[in-house]
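TrEMBL annotations:
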REGION    72-124  region 'Disordered'
COMPBIAS  93-103  compositional bias 'Acidic residues'
DOMAIN    135-201  domain 'Glutaredoxin'
Amino acid sequence: MWRPWGKSTVRIHRRSLPPSSSFSCSSFKDIQDLCTEETLQTPAATAAATSKRASIFHRVRIANSFLRALSTPSPSQFEQQPEKAETCPEPQPEPESESESESDVVIPDSEPSSNNLATQPEPPIVIPGAEKRIVVYFTSLNVVRSTFYDCKTVRSILRGFRVSIDERDLSMDSRFLTELQGILGQSKLTLPRVFIGGRYIGGAEEVRQLNETGELKKLIVGLPVVEPGVCDVCGGHRFILCDDCNGSHKLYTEKAGFKTCTTCNENGLIRCSSCSCATLCSY
């Protein structure tokens with residue numbers, strides 16, 4: 001069993017320490033001696049220690065208050081700032097010289113500027129004398145497969161509307177190429193090129209898009225309707241042999257010998273007058 005708690009009869013002899021050194025490893029056993037030492041101190045020593053502590057804390061408090069006063073601006077400074085801003089003189093513009101003032105003067109031009117010209121819409125491209133039909137520039141040669149099938153597709157789409165179509169094959173007459181270059185103002189061209197009512201529409205992609213959206217039918221409405229069929233004179237080729245040179249593109253005379261036929265093209269062909277426009281635009 002545990003022994004009952006009682007006061008120990010063993011006395012602990014404690015060596016006195018010099019006043020300058022501090023004790024170490026203190027325990028609760030010598031708490032009574034520590035308390036007696038505090039009570040045994042003289043009143044003069046106690047007052048000195050208290051005054052020393054008070055003086056140290058007083059210095060720390062004064063230093064903190066001084067630093068806080070420096071870091072915190074006074075309200076008078078805030079009140080004076082707008083007054084300084086108001087009293088600050090406004091910068092005055094420097095007087096310009098006569099040369100600078102004359103250079104700054106803008107004289108309005110009578111001619112329109114480049115921006116105004118850019119905003120103006122471009123005039124539409126038209127073919128004179130083709131207001132009542134469709135004009136198609138294409139090629140019947142299967143040299144470039146994509147171009148050949150584009151021309152074939154566009155021609156089949158336009159033939160489904162049963163209107164007058166003037167098909168101009170560049171492989172049959174090179175003058176069609178010169179004519180188209182003069183109309184569009186371009187040297188390098190892709191085929192086909194379509195004009196409806198004398199107004200330029202575009203190529204194969206534009207015709208496909210207009211046909212899918214239904215806008216192509218609106219453009220063709222108003223053109224004279226023709227009966228489908230093949231021309232009895234040319235068989236649908238739009239060209240016939242020249243009657244003067246019989247397709248040789250050469251004429252013989254006794255005085256001058258052989259000379260070039262001026263009636264037909266380089267292939268000895270002339271346009272069929274019954275199914276196409278015989279005249280070419282001069283550009």
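Any Cβ shown, glycine's included, is placed from N, Cα and C.
The shown structure was predicted, so the numbers you read here are calculated from the model rather than taken from an experiment.
In the predicted structure, the domain 'Glutaredoxin' (135-201) carries a mean pLDDT of 94. Sorting each residue of the domain 'Glutaredoxin' (135-201) by its DSSP state yields 25 helix, 17 strand, 25 coil.
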